[in-house]
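Student: Okay, here's the structure, questions in a sec.
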Amino acid sequence: MPSRKKTAMFASAFFTCVFSFVMICVVLATQHWMSSEVCFSGTNSTVTVSLTYGLFSGTCEQFVTAGLQVSERTFQVADNLRNTKAKSMIITIIVILVLSLLSSLLSSGFTCTNAVSNPYQTFLGPTGVYTWNSLCGIFVLIAMILFPVNIEGNNLSEELARGCFSVLQTHIKSAHTYGYSYWIMLLIIFLNIASIIIIYFYDHARYSKKKEQERPIENAPKDVILF
């Protein structure tokens, strides 16, 4: 059976891993990644399309300068994209987040195993926790980078606006605001770092204790050791 200290440390890391898993699920499920105001020039007026969307779905509204408002519509992100690069990037982000979800799940399993037992395999111990938490954090960081690249590089909001309202003409300007679904990914990275720090302190304390136990033998007189 593991010591009380080991159980407490790995249990703490387990809860941070589970919370990270839940947050990744929230990020994938919600559509508050981006809110955009996309302006187009019409024949005699300016049309503004207001968008709120995530990786799978979103909502859009159209406003004309005269004050006319088109009722809110719900759309599927993949169905509204004609730009294959933008669509491929969205799919890539989804795949990366699913991989981070699996990494977080494995990390939760490893920390739970160590909290209740002493596995013989080295990789099932702190090394495995370091590996899966690091991979989860890296995957989430890549997703955080790719999404803004898709917004700016592939004009994602403009593409989605044209998918909602096909009669739009010349694009004038766009304004973007990142929503809470996007910024939650920072929390996920911090949770992964916290898990690694907790296990590192335990591992370092265990290593220091082991060295202290070996020191009396190293410092003992040679004749005593020979005896």
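Any Cβ shown, glycine's included, is placed from N, Cα and C.
Small disclaimer: the values here were computed from a predicted structure and weren't measured.
Per TrEMBL, the features are:
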type: SIGNAL; residues: 1-29; note: signal peptide
type: TRANSMEM; residues: 89-117; note: transmembrane segment
type: TRANSMEM; residues: 129-149; note: transmembrane segment
type: TRANSMEM; residues: 180-202; note: transmembrane segment
Student: Quickly jot the same-chain residues contacting the transmembrane segment (89-117) by Cβ under 8 Å, restricted to those at least six beyond its ends, or write none.
Tutor: 1-2, 6-7, 10-11, 13-14, 17-18, 20-21, 24-25, 27-28, 55-56, 77-78, 81, 124-126, 128-129, 132-133, 135-136, 139-140, 142-143, 146-147, 149-150, 154, 156, 188, 192, 195, 199
Student: Hey, which bits of the same chain come close to the transmembrane segment (129-149), Cβ under 8 Å, at least six residues off its ends?
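Tutor: Hits for the transmembrane segment (129-149): 13, 17, 20, 24, 33-34, 89, 92-93, 96-97, 99-100, 103-104, 106-107, 110-111, 114, 123, 178, 182, 185-186, 188-189, 192-193, 195-196, 199-200.
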